[in-house]
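> Have a look at the structure that comes next, please.
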């Protein structure tokens with residue numbers, strides 16, 4: 001860019017016509033000529049002596065005024081004689097004794113040009129041409145500089161290309177005829193994270209074909225994609241939610257999160273499509289969709305209800321617990337647990353998704369990793385201590401207790417769809433009867449903290465032993481005092497006990 005700025009004045013200097021040596025310097029010991037002198041400046045004289053003679057015509061108050069005379073100073077003659085004729089004045093100059101005697105200056109007429117005019121127009125044309133040329137050259141230099149800047153910016157957005165090398169060659173290789181299960185099983189022994197090695201992740205990402213959009217939200221879109229004939233889910237984050245993509249990618253690539261009730265991670269990548277950078281998170285695909293969508297269309301029997309809630313509790317317990325050893329993991333709190341962030345699998349179990357707000361804690365270092373994400377959880381599922389801002393943000397157990405509150409609300413959503421004695425409630429979100437569809441922070445704070453309301457328990461639940469047990473369990477998740485709430489492990493054990501008692505009842509029958 002600096003080179004382009006330095007070149008511009010040089011080009012203009014080259015393009016401008018350079019004056020001759022005769023114009024630059026006055027003559028040494030100039031020769032004087034006798035000239036005819038007519039007009040007011042001559043007085044009583046009819047001749048004068050000077051370096052140049054002239055004859056002029058000007059218009060003054062509508063009258064033509066003719067004058068003749070001489071220039072005694074070289075520079076004065078140079079300035080005047082070089083001036084092109086105008087509609088109001090014309091000057092003709094010459095050198096030689098009495099040379100202006102027979103010269104009569106004429107004003108320019110339409111269609112007639114004078115040598116001075118031609119030179120003037122030529123000079124102006126050359127100046128304009130040189131400026132246009134310089135501007136075009138500068139525009140070209142700017143274009144090249146912008147292209148380089150864009151390329152450099154793209155490289156910055158893809159830091160793994162620099163660290164691990166580009167993968168263009170890998171795409172043409174046979175990753176090969178391996179299935180995703182083969183790749184993921186192999187990756188368990190090759191690192192501490194849940195995902196594939198970075199290069200394989202990027203290879204898989206570049207080979208995915210997007211087939212259909214299966215969901216849209218505030219933070220992006222979810223697509224069904226295909227990789228070597230297998231369905232995968234591709235979550236495309238919006239640019240404003242880059243922090244969530246980065247957090248989830250970081251967590252999956254550094255923590256061993258492989259569990260049947262946690263959404264299976266495959267790969268993560270930054271890719272450029274339609275001249276914009278897209279943030280991809282590639283996971284297992286579950287065609288039955290989210291628990292939120294599933295419950296609106298499906299009623300549950302006792303077995304399927306318990307299978308769903310027990311699988312969610314198992315996934316949450318796995319997140320909350322810290323596992324030590326080479327295949328270990330830190331304790332993790334989800335912070336945005338809700339029915340929309342839980343997916344239903346073909347076997348009737350569920351898996352927890354969306355770890356963009358997750359918090360990690362390691363007991364050995366006592367380090368709390370909250371991440372750097374300005375996004376907050378879903379207001380409808382916020383615990384009282386979050387709504388009244390009394391949560392201890394430097395205590396990891398506080399975040400786990402927030403998850404338990406949200407789990408109790410999900411448990412209530414599921415239990416409403418369980419049929420007992422031929423009766424079942426329509427699906428409704430928590431607090432549907434006391435807050436609007438998109439409640440504000442203040443709406444939820446008043447209902448949960450000030451009025452201390454909880455979701456309504458229908459009377460018909462108390463005629464069914466399973467629903468009665470679930471009602472008791474969810475109430476223990478909704479204590480106003482966070483430390484009084486159950487732990488995820490305690491909930492899992494209680495649900496397992498309820499499930500076992502149901503199996504025993506079937507056996508006895």
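Every residue gets a Cβ built from N, Cα and C, even glycine.
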> Would you please say which range out of 101-123, 124-146, 147-169 has the annotation transmembrane segment in Swiss-Prot?
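Transmembrane segment, as annotated by Swiss-Prot, spans 124-146.
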> Have a look at 56, 239, 501 and find the one that Swiss-Prot tags as phosphoserine.
501
> So what pLDDT does the domain 'Protein kinase' (208-502) average out to?
92
> DSSP three-state call for residue 222 (ATP binding site): helix, strand or coil?
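For residue 222 (ATP binding site) - judged by DSSP and reduced to three states - the answer is strand.
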> Out of 102, 336, 501, which of these recorded positions is nearest residue 218 (ATP binding site) by C-alpha distance?
336
> Compare the C-alpha of residue 220 (ATP binding site) with the C-alpha of each of the recorded positions 102, 336, 501, and give the closest one.
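That would be 336, nearest by Cα distance.
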> Restricting the comparison to the recorded positions 214, 216, 501, which residue's C-alpha is spatially nearest the C-alpha of residue 102 (N-linked glycosylation site)?
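Nearest listed residue in space: 216.
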> Under 8 Å between C-beta atoms and at least six apart in sequence, can you list the same-chain neighbours of residue 222 (ATP binding site), or say none if there are none?
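Set apart from residue 222 (ATP binding site) by at least 6 residues yet with Cβ under 8 Å, we have 213, 214, 215, 216, 233, 234, 235, 236.
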> Long-range same-chain neighbours of residue 336 (active site, proton acceptor), Cβ under 8 Å, sequence gap at least 6?
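Within the chain, residue 336 (active site, proton acceptor) has Cβ neighbours under 8 Å at 354, 356, 357, 377, 378, 381, 406.
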